[in-house]
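Below: the structure, in structure tokens.
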């Protein structure tokens, strides 16, 4: 049972190509703010956790600034639970956002292969220890520039030993001016307890930095240490924030079950309390081959002795040891009486290593022993059987073919009881152990070779030590529920919880009934939950302040998780179908899974660098870095096209290392078609505004774009951007945001990020990326008013049929400039340009690129084409006038 676990670290280093600065140059330098390490200041780190009904939505945001006088590489590291799905990542440099795009693995694989062939690979996500996988991305940041990293991931919190636990392992590695962990919890059942603690700080110091509270359905935890509280000593400049921050809570349970319904999706939680424990019949099948010698066998003995101390007198048990052959403690199961337990301890203390690894015969002997006990009625009728195997290697004697061992075990068990496989260390075929466990209603777990391996073994036993119900079935009215997640379980263990989710066939349903049936220690039990939809709506109204579609996403999370699990031991057409279902949902709900990596494009030295974040499997050794398809490669420079200012159209021509620009002089209110692609269905239009008080009939004076329209015909999606607000969605369902918002919106094939008062990014999958810049002027300015700039950052997925004032230039074209001569302005020479079979007189000038700085911009020199771009654009500029934005 994995718990939410997150490690945060931010590192900085010298640019690879830079030389160490002379110490003499540092003398007399101005002092840098505290928290600056190697020229980079991490001035803000916030971990925002929003939990609604066990479903956690976590956002990790780190902001840094390069205070050095040269470029620096800044890295962002987050360790997150292996069971979590990354849902979003954005990298923002000087106000320009670069989003991550989630895509099918086959597409990303091509980029991986290309990078490998070029010798350029670097992992974004890789396995990292027992419960974690590490997300890492780095970027070169120019002197004086700021960078923001934001990672979002989601996970269903599992109940373990009677509580939900969220671990945040914090490692900023330097003092951070604004460091905060902020967790909001909403539980419709009501919160019964909430606590938080940190392993890296004393309770006295923690108390002043930590606030925690809960009342009714809401809980809140905030940890905001000051700079002084972060210091490892009163005069130190290094941070003591290095350890676990733990949030623990549980909920009220007036009844064993709880059903919640939102927007046609439901989740059904089930966790009965106070039931007597079902006696268990347990066989431990232990590998004692030569590879278990030393600490492994010693730790195994310690763990088994502790397990014997926890056995209940109603339980039955036996030990089977396998090496080259098979040895049993007793010929059959025996009751856990005090005398038998003492004899068992003597046997365990005598266990020693020898021989090879005969997994097949060891397992079959244990299965036969449990089967015989049930058939011969030597164990209680109302009891449950469990087999636990521990091995540290692969079968190498007897039957050693993994597929044949799986077949033998499957036929022997016949679904009667679960098999739990524990893999000790890394030198084994974990996929084999996991597949065999899953197809026999169990799970596999890796036991890590460490000083606490015995505690890991004990911990697993404690999870299965107290079954309260067996053969659990969750039932709903026939034809009322669609797309149901797993609803049958061989056992329900004390302190845990089952979660079943699905979709209502009729969203107008007034009520429905949910039954949970299972075999208890004394009798068969049925737990019924009556769901009244009106009462449900009233009870859940408060949850809107967290996030409203949480049950639908929870359902998607569970469904994908279970499809991927089934896929592990499926074959042929069944595996193809499971893969297709999981892939479709992963793309729809924007989850990074083993089928859907995330591609992150970031700027590196005027080139785009593409990195791929894949999700590694448990079979990957956690120290390895080459087990996942995680790549980084350099792609050719991307040409840019934009319109900003008066309005100035700027076209950077690939292969020419030069830029062309032109103006369109039209009266305010005119709408121009900027881009139209009939293949992708993407259209962009812009409406012209003038200075304050300008006449709608006048073409004189400065004009700008005050409104932009973006549509995607095939997605039935549109965006209207003004200097005041952003309206987006389908024609029937529109959402409105202001430029005061900071918002990220994702759905399949779409990413939108609004950066407060700066810009917004619009991406249609990988290969179509626009940036809209907001220019704000003094509100009381007598002449000028706010306006917009439109930038095409990436267009390589647009088709060859794309047209429009900007779109026509996405296709390759050439031009030649000659006869450079003095112009009417000595600072702006004239020249002759030959382009598209036209000979034009052009003037050298400069415009501004405002993507990184909307107030000052970056100077761009260009050849200016006069007369509304005549001779450069296809046709005349009036051909591009359209009646409206949409």
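FYI, residue positions are counted from 1 along the chain as it appears here.
The backbone N, Cα and C atoms fix where each Cβ goes, glycine too.
What Swiss-Prot records as N-linked glycosylation site, among 88, 657, is residue 88. The candidate set comprises the glycosylation sites 88, 577. Of these, 88 has the most other Cβ atoms within 10 Å. In this view, residue 646 (aspartate 1-(chondroitin 4-sulfate)-ester) is surrounded by 16 other Cβ atoms within 10 Å of its Cβ, with every protein chain counted.
Residue 646 (aspartate 1-(chondroitin 4-sulfate)-ester) sits 36 Å from residue 88 (N-linked glycosylation site), taking the Cα positions as reference. Residue 577 (N-linked glycosylation site) sits 26 Å from residue 88 (N-linked glycosylation site), taking the CA atoms of both as reference points. Across the residues of the domain 'VIT' (26-155), the predicted structure has a mean pLDDT of 78.
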